[in-house]
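Student: Input: one structure, supplied below.
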There are 2 protein chains.
Amino acid sequence: MYITCLDVEGVLVPEIWIAFAEASGIPELKKTTRDEPDYDKLMNWRLGILKEHGLGLKEIQETIAKIDPLPGAREFLDELRTFSQVILISDTFTQFATPLMEKLGWPTLFCNSLEVAEDGEITGFKMRVEQSKLSTVKALQSIGFDTIASGDSYNDLGMIQASKAGFLFRSTEQIKADHPELPAYETYEELLAAIKDAMNM
Amino acid sequence: MYITCLDVEGVLVPEIWIAFAEASGIPELKKTTRDEPDYDKLMNWRLGILKEHGLGLKEIQETIAKIDPLPGAREFLDELRTFSQVILISDTFTQFATPLMEKLGWPTLFCNSLEVAEDGEITGFKMRVEQSKLSTVKALQSIGFDTIASGDSYNDLGMIQASKAGFLFRSTEQIKADHPELPAYETYEELLAAIKDAMNM
């Protein structure tokens with residue numbers, strides 16, 4: 001049995017922190033894992049910036065409420081879910097992703113969670129598991145699934161390479177050049193066709 | 001992070017084989033795991049009966065297309081999915097369950113698959129993993145989830161007992177009497193409240 005595992009930010013929705021950096025007028029928050037590969041360090045730095053500006057969960061959620069999925073993402077997911085089970089795997093947090101999942105028709109999302117104080121201050125975060133994408137794909141394989149995976153970024157490579165079929169989607173020129181063995185697509189039509197092909201449909 | 005794992009037949013939709021037994025006028029097909037605990041033996045016996053009557057996947061799917069989820073199931077799932085990730089875990093087969101999943105808003109379903117010949121004859125079946133409910137719950141726990149589980153039958157006991165919180169739902173008097181330690185509910189309202197309570201909401 002096949003199951004499709006998809007990255008979220010960059011693949012189905014815009015990068016949440018970049019959207020919040022723009023909405024809040026705090027350009028430092030555009031820093032991503034490309035600038036700071038240590039995710040813990042990056043997140044703690046982000047929480048420091050939020051505290052400094054007196055911003056909490058409410059303000060971030062207000063920005064996220066205005067973000068829409070990428071054009072065509074909902075239709076892509078809707079069609080994919082008619083013929084494949086789908087799990088979205090993301091390094092984001094439930095509290096950020098929920099409004100976007102509503103706009104995507106409530107697909108199943110495996111992500112992380114924020115620790116939030118009563119006054120709304122984000123005091124910390126809890127990662128679900130180490131190397132969440134690769135670990136999740138391996139756990140799904142251990143219960144009889146053949147996984148198909150797609151994502152755009154460095155942290156997606158593990159699950160893409162460990163899967164029965166794996167595809168880059170709207171990735172960077174650098175990642176595509178470093179991984180000529182991975183099919184790389186730019187449109188949802190191409191990605192849907194590749195997933196069907198991998199499932200022998 | 002919490003994830004809710006739910007049985008399907010008896011909890012969200014009627015028993016598929018019983019519905020098909022009634023629609024096809026073949027009462028033998030009402031035999032369930034309560035009569036024949038060996039699932040492999042039961043399934044092979046069912047496939048023999050289908051072959052004998054010249055019935056294939058198409059005829060079963062036509063019956064299933066007419067089945068509706070249990071009253072209130074869609075609303076229950078819709079509300080549950082706004083505050084918890086949900087995985088449906090069933091011993092049924094993708095080819096049977098898909099029309100019902102459409103009526104339930106495409107929740108994620110982990111089940112098994114049928115082998116079907118070009119003429120529509122069901123020639124065999126492939127179970128995803130042994131003890132699928134317990135194995136799935138354990139795999140989810142291995143990637144950082146606290147599971148909450150609910151089901152109605154013997155094969156649900158493993159996942160219910162292995163979870164952070166577990167509930168019987170519309171179970172038999174016998175199972176409830178044998179397991180007085182497990183909270184047992186009859187309505188979706190009670191089950192929703194119990195899940196929220198387990199999640200400290």
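Note: Cβ is positioned from N, Cα and C throughout, glycine not excepted.
Annotations in TrEMBL come from automatic prediction, not curation.
Below, the features straight out of TrEMBL:
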type     : residues                                   : note
ACT_SITE : B:D7                                       : active site, nucleophile
BINDING  : B:D7, B:E9, B:D152                         : Mg(2+) binding site
ACT_SITE : B:E9                                       : active site, proton donor
BINDING  : B:E15, B:R46, B:S90, B:D91, B:K133, B:N155 : substrate binding site
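Could you place the listed features in the three-dimensional structure?
Tutor: For B:D7 (active site, nucleophile), the same-chain residues 6+ apart in sequence whose C-beta sits under 8 angstroms from its C-beta are B:L88, B:I89, B:S90, B:K133, B:S150, B:G151, B:D152, B:S153, B:D156, B:F169.
All protein chains considered, the CB of B:D152 (Mg(2+) binding site) has 19 other CB atoms within 10 Å.
Sequence-distant neighbours of B:E9 (Mg(2+) binding site): residues of the same chain at least 6 apart with a C-beta under 8 Å from its C-beta are B:E15, B:I16, B:S90, B:T92.
In sequence order, B:Y39, B:C111, B:N112, B:M127, B:S132, B:K133, B:N155 are the residues near B:D91 (substrate binding site), counting only same-chain partners six or more apart with C-beta under 8 A.
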Student: In terms of DSSP three-state secondary structure, what is the assignment for B:S90 (substrate binding site)?
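Tutor: Going by the DSSP assignment, B:S90 (substrate binding site) falls within a strand, counted as strand.
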Student: B:S90, B:N155: which of these binding-site residues has the sparsest Cβ neighbourhood within 10 Å?
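Tutor: Fewest other Cβ atoms within 10 Å, among the binding-site residues B:S90, B:N155, is found for B:N155.
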Student: Please list, in sequence order, the residues in the chain of B:R46 (substrate binding site) that are at least six apart in sequence and whose C-beta is under 8 Å away from its C-beta.
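Tutor: Spatial neighbours, sequence-distant, of B:R46 (substrate binding site): B:W17, B:L29, B:K31.
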